Amino acid sequence: MTILNHTLGFPRVGLQRELKKAQESYWAGNSTQEELLTVGRELRARHWQQQKDAGVNLLPVGDFAWYDHVLTTSLMLGNVPARHQNKDGSVDLDTLFRLGRGRAPSGEPAAAAEMTKWFNTNYHYMVPEFVQGQQFKLTWTQLLDEVDEALALGHKVKPVLLGPVTYLWLGKVKGDPFDRLNLLQDILPVYRQVLAELAKRDIEWVQIDEPALALELPAEWLAAFKPAYDALQGQTKLLLTTYFDSIGQNLDTISALPVQGLHVDLVHGKDAITLLNSKVPADWLLSVGVINGRNVWRADLSSWFERLQPLVARRKRLWIGSSCSLLHSPIDLSVETRLDEEVKSWFAFALQKCSELALLSSALNNNDPASLEAWSAPIRSRKHSTRVHNAAVGQRLAAISPQDSLRKNRYPVRAKAQRQRFQLPAWPTTTIGSFPQTTEIRGLRLDFKQGRLDGTHYRTGIAEHIKQAIVEQERLGLDVLVHGEAERNDMVEYFGEHLDGFIFTQNGWVQSYGSRCVKPPVIIGDVSRPEAITVNWAKYAQSLTDKPVKGMLTGPVTILCWSFPREDVSRETIAKQIALALRDEVEDLEKAGIGIIQIDEPALREGLPLHQSDWGAYLEWAVDAFRLNAAVAQDDTQIHTHMCYCEFNDIMDSIAALDADVITIETSRSDMELLESFEEFEYPNEIGPGVYDIHSPNVPSVEWVEALLLKAAQRIPTERLWVNPDCGLKTRGWTETRQALANMVKAAQNLRQAQKA
């Protein structure tokens, strides 16, 4: 038996974020669609060749997306909401961009599709919309075109398709309610057509992704897999692909499916190799994900060699692969020229992970474990590194008591003290934190970072931008202000730069959604705060106005989830280390006179384990970390938190347990649907439902905002409602920001007047 290796997908954006730059240039009207298409072709060709050169046997095709792979699947199926359809019924690249962004260089602007997290990652997908009686047909042949590209270049390819059951699972019903699972029989003919086209191209294996199988699915959804895959049998072999967690709970169903292979994530899953050997049919190809696609740490290949021996001994066909798509990993470690060599030796980015697969498959095929020893040596040396361990942090963690996570009084007492202190009007208006990161701001930070600007001139420049943000907000009539975060490159990276235990890359970019990329810090050791982080800028901003200015912190769970974490200690331990560091920041902000402090936790739900049976333990420590961070605040200090793209109904107990005085949430894309959870739960504290979508450049009208607020007021008492955008305004321009906020403030003022009348 020859063991092949493969990846489940590769980063799309390019080492220098070429795709992002080409997208944004096209959207701004500065380049043509053909120029954008050329960049895409060049990136795909480069990435295929890089994987091949690294020793990957089978190259993924179909992992590239112009915005998001779920959105690509929607277009493939002809699933385009009426508001985005072209008059002639055609589907083109601008159709895709209108769905993702709400507008494109051609076609009429309309509300963008809802966006939410891809399982428990920091990647976002565009939620498919389903209506009763919907028709599907093959209207977007991107996958087939890209397979033709790769074949023309002489590559051995493995097309990648998002599976039909997972696709339906990820979507939402619009209009009259119905069971979207009933649409399965309608989308399967399109899948059959695509598979038939691939068979014509002599494709042997198709990777069909069904990550929903890593969930604890309702019985009717689990039962849907058998008829679905009965219908998809054909000339091509199907590699049913799962990832992000174990599938043991669904393995009996999976093993009865008419497929020829199965991919299992052994990194994040708890599936025992003995269970796989006994349950997965002997004649199936078994592919095991052994290289972590979601982190940056070098794999212990020597350990994997030993762990895989029972499979090598018993399986007729075995592949090794990445645990999931390498989409979630930076591209190339070799360009990181500023990393300390010891620390650098601990890491592997996407290209290095491809090399790891080649090394391990070669060692397995040649029964040569000695060939892996040099690769695994830095992993063992890291265990004893002084960069990793800080005794003082461990002592402080051990001294935590339950009282440390409790505010002095309950919300009703605190609310009274806060009303007396701030004297805010009904329908108080605020923003979520950041203001537009202009070319000038980015240039200022870059010049300072690269040594072209000294600290004094940098701070003077940042102070001017903060002053401008305060002036703009006062002119607009906002009630609670923010300093605008001009000094911050990223809400997680900024804090990581000021905390011990973090390191940073130069080019470690990963895609979050569309053209949005983030450069997560890496947590390499125990976390502590050497000095105050945000206090001076918050204090300066507050000195410019009589209105309250919020202190802005990123919460411990979000910093954890949006960083590449250590793997040698628990996530709970890391979160509580961060919480203790930020607790000191809350205390220092209070001492500086900051009376409203926002602790953002947009990633709280994202951190949930995929198995609902594991939620309780996670939520307990995640909530405790937030409270540990916030509970040092006095009664008249108002603690806000903000959450993104969340379904709240099944975690409302935990949301309430955070005990934040005000929670702001993203609701505009869901037309305030998310507030139903708060209404049914009778959420006791204050809520700011987002009234417009900041991810779209479309400016909401006063009437639009009023309508959403009135809809919110049907569910939440007006005395507990705040008025705010969905999220921070970092990615928007000042012109649209002014227009949108002016309309938002006017809507709040109109409602105040109506309330008095």
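From the backbone N, Cα and C atoms, a Cβ is placed for every residue, glycine too.
Spatially close to H695 (active site, proton donor) yet at least six residues away along the chain are R101, G102, A112, M115, Y513, D726, C727, T731, judged by Cβ distances under 8 angstroms. Swiss-Prot lists H695 with the feature active site, proton donor, giving sequence analysis as the kind of evidence.
Swiss-Prot lists R17, E18, L19, K20, K117, R516, C517, W562, E606 with the feature 5-methyltetrahydropteroyltri-L-glutamate binding site, giving sequence analysis as the kind of evidence. DSSP gives L19 (5-methyltetrahydropteroyltri-L-glutamate binding site) a helix state.
The Cβ neighbour count for I432 (L-homocysteine binding site), using a 10 Å radius over every protein chain in view, is 25. Residues annotated as L-homocysteine binding site in Swiss-Prot: I432, G433, S434, E485, D600.
Around D600 (L-homocysteine binding site), the same-chain residues at least 6 positions away in sequence with a Cβ under 8 Å from its Cβ are I432, G433, M491, M552, L553, T554, G555, T558, T641, H642. Under DSSP, D600 (L-homocysteine binding site) is assigned to a strand (E or B) in the three-state scheme. The L-methionine binding site annotation in Swiss-Prot covers I432, G433, S434, E485, D600.
Residues annotated as Zn(2+) binding site in Swiss-Prot, with sequence analysis given as evidence: H642, C644, E666, C727. Secondary structure at E666 (Zn(2+) binding site), taken from DSSP and collapsed to helix, strand or coil, is coil.
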Cβ-Cβ distance under 8 Å to E485 (L-homocysteine binding site), same chain, at least six residues away: G433, S434, F435, M491, Y494, M552, G728, K730
Rounded inter-Cα distance in Å - L19 (5-methyltetrahydropteroyltri-L-glutamate binding site), C644 (Zn(2+) binding site): 25
Largest tally of Cβ atoms lying within 10 Å of a Cβ, found at which of the binding-site residues C644, C727: C727
For R17 (5-methyltetrahydropteroyltri-L-glutamate binding site): intrachain residues, at least 6 apart, with Cβ closer than 8 Å: W509, C517
Between C644 (Zn(2+) binding site) and K117 (5-methyltetrahydropteroyltri-L-glutamate binding site), the C-alpha gap once rounded to whole angstrom: 9
Remaining residues near the recorded L-homocysteine site, that is with C-beta within 8 Å of the centroid of the site residues I432, G433, S434, E485, D600: T431, V482, M491, M552, Q598, H642, C727, G728, K730
Rounded inter-Cα distance in Å - E606 (5-methyltetrahydropteroyltri-L-glutamate binding site), E666 (Zn(2+) binding site): 14
Cα-Cα distance linking E666 (Zn(2+) binding site) and K117 (5-methyltetrahydropteroyltri-L-glutamate binding site), given in Å to the nearest integer: 13
For the binding-site residues L19, C517, the one whose C-beta sees the most other C-beta atoms within 10 angstroms: L19
